[in-house]
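S.K.: Take a look at this one; I'll ask things after.
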Amino acid sequence: MEHEYYMKRCLQLAENGRQNAKPNPMVGAVIVARNRIIGEGYHVRFGEEHAEVNAFASVKPEDEMLLNEATIYVSLEPCSHYGKTPPCADLIISKGIKRCVCGCVDPFAKVQGRGIQRMRDAGIEVIVGVMEKECLALNHRFITFNAKHRPYILLKWAQTLNGFISRKGGPLQLSTPKTQMLVHQLRAENDAILVGHTTFLSDHPRLDVRQWSGQNPERIVLSPTMSAQNARPSNWTVAATIDKVIAHLYATKKQSLVVEGGRMTLQAFIDRGLWDEIRIETAPVLITDGVPAPHIPSDAHIEKIESIDGNQIITLCR
Ligand code: AOF
Ligand code: ZN
């Protein structure tokens with residue numbers, strides 16, 4: 001319980017890095033001695049100090065003598081490599097810390113348990129996996145990218161109550177102004193976005209973030225026939241197969257991909273098992289005929305159900 005209490009504080013602190021830490025993970029750290037927090041910090045910005053460094057910097061001079069009886073809580077395993085900053089595991093060892101409680105292992109190839117091992121070798125008691133699910137979820141894009149060597153993939157579609165995603169040959173407005181704005185927020189949070197060429201040609205989607213602040217994701221149209229020259233607007237990426245898209249995104253360090261349709265494209269991702277999350281918006285609308293929604297994969301489970309402006313948003317995970 002005590003561990004969970006302080007780990008919750010780490011998660012709260014980590015959250016402050018949401019805008020600026022990426023592509024690094026959001027990380028929070030708390031130093032505790034004699035049932036009191038004597039230092040805390042988070043990873044503020046990519047390229048700058050890690051959470052642990054900021055936590056140690058916040059310890060008051062009069063509390064420094066408590067470090068050798070202190071526990072440091074970190075939402076992610078302390079790093080063991082020289083990146084833009086020196087290894088946090090070494091810093092923790094040099095400060096004489098007694099115990100380290102980590103939320104989860106860092107799957108980044110240069111770390112992967114080496115930070116934990118290095119602290120154990122130095123005689124520090126290390127506990128791993130406190131609030132692990134929450135710590136992994138906080139950085140789901142970073143974690144998936146490093147653990148699975150591909151971007152985190154979110155499939156999303158909107159459907160009628162009777163399961164159609166569009167009319168045959170005609171538009172169908174299912175999102176509400178608010179859910180539409182949330183789609184723009186989602187785009188701003190992700191690195192790339194993809195549609196199939198039928199959707200691209202019929203809907204002329206902009207797939208930008210005009211209703212939210214932030215950067216547009218890389219926009220990709222999946223097409224076996226289209227060339228980069230006839231893709232308009234021209235700043236889209238054109239790709240012939242799904243595997244090439246995934247390899248391209250991994251090589252260019254894009255940690256996440258949103259697939260916005262249409263049916264064939266979504267189904268192709270599902271059939272290949274290439275998905276981490278599926279978000280379905282169901283509007284209380286009935287039509288008689290249309291394009292049916294993709295099949296929900298059998299290993300999906302319901303993570304969350306929300307109701308926004310009368311539409312139901314169901315999030316599925318595996
Ligand atoms: C930590 N604490 O607060 C964070 C960690 O290039 P660098 O030096 O910033 O290192 C980036 C890597 O360090 C990143 O990929 C991840 O493995 C780890 N992030 N580690 O000990 C932190 N943000
Ligand atoms: Zn570090």
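Any Cβ shown, glycine's included, is placed from N, Cα and C.
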S.K.: Just to be sure I read the record right: A158, G262, R263, M264, T265, L266, Q267, A268 are listed as binding NADP(+) in TrEMBL. Which of T199, T225, T237 is listed for the same site?
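M.R.: That NADP(+) site, as TrEMBL gives it, pairs A158, G262, R263, M264, T265, L266, Q267, A268 with T199.
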S.K.: Look at the binding-site residues C79, C88, M264, L266, A268 and tell me which residue has the greatest number of other C-beta atoms within 10 angstroms of its C-beta.
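M.R.: Answer returned by the neighbour count: C88.
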S.K.: E52, D203, E260: which of these recorded positions has the highest Cβ count within 10 Å of its own Cβ?
M.R.: E52
S.K.: What is the set of residues, excluding H50, C79, C88, whose C-beta falls within 8 angstroms of the centroid of the C-beta atoms at the Zn(2+) site?
M.R.: V27, A51, E52, V53, P78, T85, P87, A89, L91, G115
S.K.: Just checking: which of the binding-site residues H50, C79, C88, L207, L266, A268 have a C-beta under 6 Å from ligand 1?
M.R.: H50, C79, C88
S.K.: Taking the residues A158, T199, G262, R263, M264, T265, L266, Q267, A268 listed for NADP(+), what is the greatest CA to CA distance in Å, to the nearest whole number?
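M.R.: Across A158, T199, G262, R263, M264, T265, L266, Q267, A268, the widest Cα separation comes out at 17 Å.
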